[in-house]
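Everything below concerns the one structure shown next.
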Amino acid sequence: MSPLAIKRGAPDTDRDADLAISACLNPNDPKSFFLYAGAGSGKTRSLKEALDGFRDRHGDEFRRAGKKVAVITYTNAAADEIAARVGQDTLFPISTIHSFCWSHIGTYYTDIQAWLLATLPNDLADLREKQSKGRAGTKAADDRERAIAATIKRLGWLSVPRRFTYSPNGDNFGADSLSHSEVLKITATFILAKPAMQAVLVNRFPFLLIDESQDTNKILIDAFFALAATNRGKFALGLFGDTMQRIYADGLPDLGRNIPPEWARPVKRMNHRSPQRIVQLGNSLRSAVDNQIQLARDDSMVGTVRLFIIAADATDKPDKERKARERMAELCGDAGWKEDATVKTLTLEHHMAASRRGFAPMFQALDKDSRLSTGLRTGELAGLRLFTERVAPLLAASTAGEEFAVMAHLRKNSPLLKRSVLANSTTPDDPLLPARVAVGALLALDPENPSTRLLDILECVAEHRLFEIPAAMRPFIETEPAPVAPETTVQNLEDNEAEEEAETSPSSLQAWRAFLETPYNQIAPYAEYISNRGPFGTHQGVKGLQFDRVLVILDDSEARGFLFSYEKLFGAKPLSDQDRKNAAEGADTGIDRTRRLLYVTCTRAEKSLALVAYTESPDTLAAAVIKQGWFSADELERL
């Protein structure tokens, strides 16, 4: 069977979809919609055109009435991109899902307190149950005991009326601070249970547009669906997304299939990013999932795709991957394939990048706890951010001798340089002395030495009160420094859900303990990876981005579990009984997850794409991918 035939279209093929969106954004007849927008379809451009048209037709009317069109997206980077294209306009507040939610629940102090008082006792009971079943005298038991004490303390704090805060940087300190997960869950609960909040939302935002809707928290999406259903004719929900690009487990798995019949369902069929052969491969990958077939631009190049098949027991995998790149340079006549900086290497599983970049031990320590896995992969766990966003930049600036950068970083992040602390300094003749001593103590630990643990760094930071200690880290320090009263700031609320509610759970404490025993020098390569600054990239980090040359590494032996299996997806290995059971029940399977991640990574390429597949059965894999029509025989090479 040959690869799926490719169809081409003119650049303006999707004009009908854009017109359909504009028709839905009619204040006199609002209509909810779900826009299917596959890889490279120009989703953000469609959003911009819809908002520009709305401004021209209805902007004055909405401004006079004090109404707005809310635009919610998944990350701050995405919000900034949309704002840059649309322009700063109060008619279109653009925010992350977390900041939008907080803006609506932040003043419901009594109700938030009631929610916490109903939730925390369950958390406490869970801790106590695990403590009763665990072995006494272990580090894990000590950690759980501290967590129990912290929960009891928080419940005691809640015994009188309180107010609550939400940290602008995701580092939630103190009993009054809510986590990202708490904010989303509370918002969903209030939307469903409080008519007053429903009325405020509908009157203020008759239109709510959600970008990357397939990854938006399913509890919150369900609440928005209910809001739209009960307010037809007054409110419309607009969802932009593609279920084949769902990355996070807390997204609604069947979003594209459970759209109410009265909704509009425009479709963008064009792929403006990739050459014809890569669009063709993307269509082949998703053909077993839905009927969405993309068109390549009629002015696009053909492009090059190769699948390099390598025995799973290969001894020097990085060398094999280098040879694949050299072969691509030869095939494409493109020397850029030989340079690390001009090739984006993507993995289906983060452990593969961790082993190649040297941060596997710290990554594996946290990844053992499923409740931390999402935050680990996005870098949004508060316990991690202490090291990646506080300690690491400080050490980098100090090592480089950039004193101005050091002081700027401390002024922004260290309690030692808060106005209230400096005003009451114990060294009034030299109020910056404690900060200099703290930085000196940190440097004296020799952070780049493999024997310096993350725990050593944490203890030094805590001892000198250099930075605030996140709740997840507090059980591991003997004494907690006295809190510094927070200064009033404008809160620019954070992006991806860090699952910080899980960071102090009993199961998570053991994972954090193991993490703190690993070398600190693994933080820098980890931070480079999750921020998408280096040659390796995450499938989450590159969604929405594109690169001239993409190398995708597929290796089940490094997948560490059942979450992914490209060999089963490709047909090189048979499905297990559990795989078949999950598929029969309609559950999300490892093959489903692998297919989505492979689709996301392959469709990043703008010119050429190489896949390196390690397999125990090279002949079987080669025959299977040809039979499925994903690759032709002349696109397969053995290394």
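The backbone N, Cα and C atoms fix where each Cβ goes, glycine too.
Not measured: the values here are computed from a predicted model.
What TrEMBL says about this protein:
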- 16-288: domain 'UvrD-like helicase ATP-binding' (DOMAIN)
- ALA37, GLY38, ALA39, GLY40, SER41, GLY42, LYS43, THR44: ATP binding site (BINDING)
Might you list, by sequence position, any residue in that chain lying six or more from ALA37 (ATP binding site) with a Cβ less than 8 Å away from its Cβ?
LYS43, SER46, PHE240, GLY241, ASP242, LYS268
With an 8 Å cut-off on Cβ-Cβ distance and a minimum sequence separation of at least 6, pull the same-chain contacts of GLY40 (ATP binding site), or say none.
MET270, ASN271, HIS272, ARG273, SER274, GLN294, GLN546, THR603
Would you count the other C-beta atoms found within 10 angstroms of the C-beta of SER41 (ATP binding site) for me?
24
What does DSSP say about THR44 (ATP binding site): helix, strand or coil?
helix
So which one is it: of the binding-site residues GLY38, GLY42, which has the fewest other Cβ atoms within 10 Å?
GLY42
Quick check: which same-chain residues outside ALA37, GLY38, ALA39, GLY40, SER41, GLY42, LYS43, THR44 lie with their CB within 8 A of the centre of the ATP site CB atoms?
ASP242, LYS268, MET270, ASN271, HIS272, ARG273
Determine the Cβ neighbour count for LYS43 (ATP binding site): the number of other Cβ atoms within 10 Å of its Cβ.
20
Neighbourhood of ALA39 (ATP binding site) by C-beta distance under 8 A, where only residues 6 or more apart in the same chain count:
ASP242, GLN245, ASN271, ARG273, SER274, GLY282, GLN294, TYR599, VAL600, THR603, ARG604
State the count of C-beta atoms found within 10 angstroms of the C-beta of THR44 (ATP binding site), not counting that atom itself.
19
